[in-house]
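A.B. asks: Checked TrEMBL, it gives:
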ACT_SITE  Glu206  active site, proton donor
BINDING   His19, His21, His203, Asp299  Zn(2+) binding site
BINDING   His21, Asp23, Gly176  substrate binding site
DOMAIN    14-353  domain 'Adenosine deaminase'
SITE      His227  site 'Important for catalytic activity'
Amino acid sequence: MSHTPTLDEIRRAPKVLLHDHLDGGLRTETIVDLARESGYDRLPTTDPGSLREWFHEAADSGSLERYLETFAHTVGVMQTREALVRVAAECAQDLADDGVVYAEVRYAPEQHTGGGLSLEEVVEAVLEGFRLGSQDGRIRVGTLLTAMRHQARSREIAELAVRYRDVGVVGFDIAGAEAGYPPTRHLDAFEYLQRENAHFTIHAGEGFGLPSIWQAIQWCGADRLGHGVRIIDDITAAGGGDVAETAKLGRLAAYVRDKRIPLEMCPTSNLQTGAAASIAEHPIGLLRRLHFRVTVNTDNRLMSDTTLSREFAKLVEAFGYGWDDLQWFTVNAMKSAFIPFDDRLALINGVIKPGFARLKWAVETK
Ligand SMILES: O=c1[nH]cnc2c1ncn2[C@H]1C[C@H](O)[C@@H](CO)O1
Ligand SMILES: [Zn+2]
């Protein structure tokens with residue numbers, strides 16, 4: 001009988017993370033230290049344990065807009081070079097401790113200039129932090145630069161991403177409240193990136209539905225979808241029999257699947273913002289069975305009180321996934337990364353497949 005992966009075993013698996021926000025994953029001890037050093041006096045509490053609970057509860061709001069309000073405190077303490085270097089270095093270490101071997105971590109440089117840093121200084125500080133945090137060789141971290149969708153700086157941030165493309169910035173993204181801020185508002189930035197042969201993902205189909213996904217892909221040319229969970233609205237169950245066998249895909253859902261457009265799914269985050277009702281009812285179950293290119297991600301480890309291993313463990317519990325499923329999600333993620341093809345292949349064949357094989361052998365012969 002095949003063995004059900006435990007949280008502890010999942011931690012030892014070589015995992016890949018494509019959707020994780022730098023300002024959504026700070027250690028609460030670090031937030032408290034940085035607030036003290038910088039004189040930031042708006043934290044709801046300075047006890048790290050209570051602060052951890054505060055973030056989790058405040059983010060558990062059922063609305064993306066209220067969920068996003070909690071970032072005022074993390075962004076608030078990330079306004080100096082030292083703070084950014086420290087947060088990025090700890091992020092790389094925390095991910096490596098969780099067994100992540102490749103990660104793409106995103107943040108919005110425009111949110112970190114309040115203390116006088118230029119956009120370039122922000123980017124360089126974060127790159128330095130990732131370099132320090134990954135120098136033991138356990139993890140490789142690529143950076144995505146995010147533009148905030150309610151602001152009007154996307155073209156500038158896209159140019160920044162291109163300028164730093166050879167030193168660790170691997171792509172671009174837009175984030176923030178989705179309703180009222182469609183992707184086409186930033187068409188100029190996306191067209192620029194396409195002309196530059198650069199990669200980008202777009203948060204779409206989380207706080208708003210199919211029109212947002214359609215625009216992200218068919219107007220803006222997104223390589224991947226951040227969340228994309230509402231693609232489920234374009235899939236109808238024919239009724240009777242097994243849902244995965246009778247499901248009918250609308251034209252947009254069919255396009256997303258046919259083109260193998262990666263979905264950066266973040267199950268726990270979706271429960272908090274109201275994009276899904278429970279893990280068991282999360283569309284990831286059906287989308288995986290329908291062979292969409294699904295990947296599993298954390299979004300914001302602090303707000304969701306999670307890790308990539310925990311996201312996988314929740315899916316194992318809800319859907320009965322085994323090692324082959326976890327490896328499938330991982331290989332999907334690695335194939336969908338924004339680093340060069342030969343680097344992705346080297347990680348799949350040299351790290352992921354042998355790592356899973358060793359782990360499967362170890363747990364099944366134990
Ligand atoms: O899940 C999300 N949807 C939309 N925006 C998000 C999400 N998680 C974080 N953000 C925002 C808040 C952060 O300050 C910003 C950059 O990381 O991105
Ligand atoms: Zn996100």
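Every residue gets a Cβ built from N, Cα and C, even glycine.
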A.B. asks: Could you list, ordered by sequence, which of these recorded positions: Gly176, Glu206, His227, Asp299, have a Cβ under 6 Å from ligand 2?
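C.D. replies: Asp299, by Cβ distance under 6 Å.
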A.B. asks: Average pLDDT across the domain 'Adenosine deaminase' (14-353)?
C.D. replies: 97
A.B. asks: At a 10 Å cut-off from the C-beta of Asp23 (substrate binding site), count the other C-beta atoms across all protein chains.
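C.D. replies: Taking every protein chain into account, the count is 25.
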A.B. asks: Counting only residues 6+ apart in the same chain, whose Cβ is under 8 Å from the Cβ of His203 (Zn(2+) binding site)?
C.D. replies: Arg149, Asp173, Ile174, Ala175, Gly176, Glu178, Gly226, His227
A.B. asks: For a Cβ distance below 6 Å to any atom of ligand 1, name the binding-site residues from His19, Asp23, Gly176 that qualify, or say none.
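C.D. replies: Checked binding-site residues vs ligand 1; flagged Asp23, Gly176.
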A.B. asks: Measuring Cα to Cα, how many angstrom lie between Asp299 (Zn(2+) binding site) and Asp23 (substrate binding site)?
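C.D. replies: Approximately 10 Å lies between the Cα of Asp299 (Zn(2+) binding site) and that of Asp23 (substrate binding site).
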A.B. asks: For His19 (Zn(2+) binding site), what is the tally of other C-beta atoms lying within 10 angstroms of its C-beta?
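C.D. replies: Counting Cβ neighbours of His19 (Zn(2+) binding site) within 10 Å gives 29.
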A.B. asks: Cα-Cα separation of His21 (Zn(2+) binding site) and Glu206 (active site, proton donor), in Å?
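C.D. replies: Glu206 (active site, proton donor) has its Cα 15 Å from the Cα of His21 (Zn(2+) binding site).
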A.B. asks: Would you list, in sequence order, the residues of this chain other than His21, Asp23, Gly176 that have their CB within 8 A of the centroid of the site's CB atoms, where the site is the one recorded for substrate?
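C.D. replies: For the substrate site the neighbour list reads Leu22, Gly24, Leu68, Phe71, Val75, Arg106, Tyr107, Ala108, Gln111, Thr146, Ala175, Asn300.
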A.B. asks: Based on DSSP, name the secondary structure state of His203 (Zn(2+) binding site): helix, strand or coil.
C.D. replies: strand
A.B. asks: Please give the maximum pairwise Cα distance, in Å and rounded to a whole number, for the substrate-binding set His21, Asp23, Gly176.
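C.D. replies: It comes out at 13 Å between the most distant Cα atoms.
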A.B. asks: Using Cβ-Cβ distances, find the residues under 8 Å from Glu206 (active site, proton donor) that belong to the same chain and are at least 6 apart in sequence, listing them in sequence order.
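C.D. replies: For Glu206 (active site, proton donor), the qualifying residues are Leu64, Glu178, Gly226, His227, Gly228, Val229, Arg230, Asn270, Thr273, Ala275.
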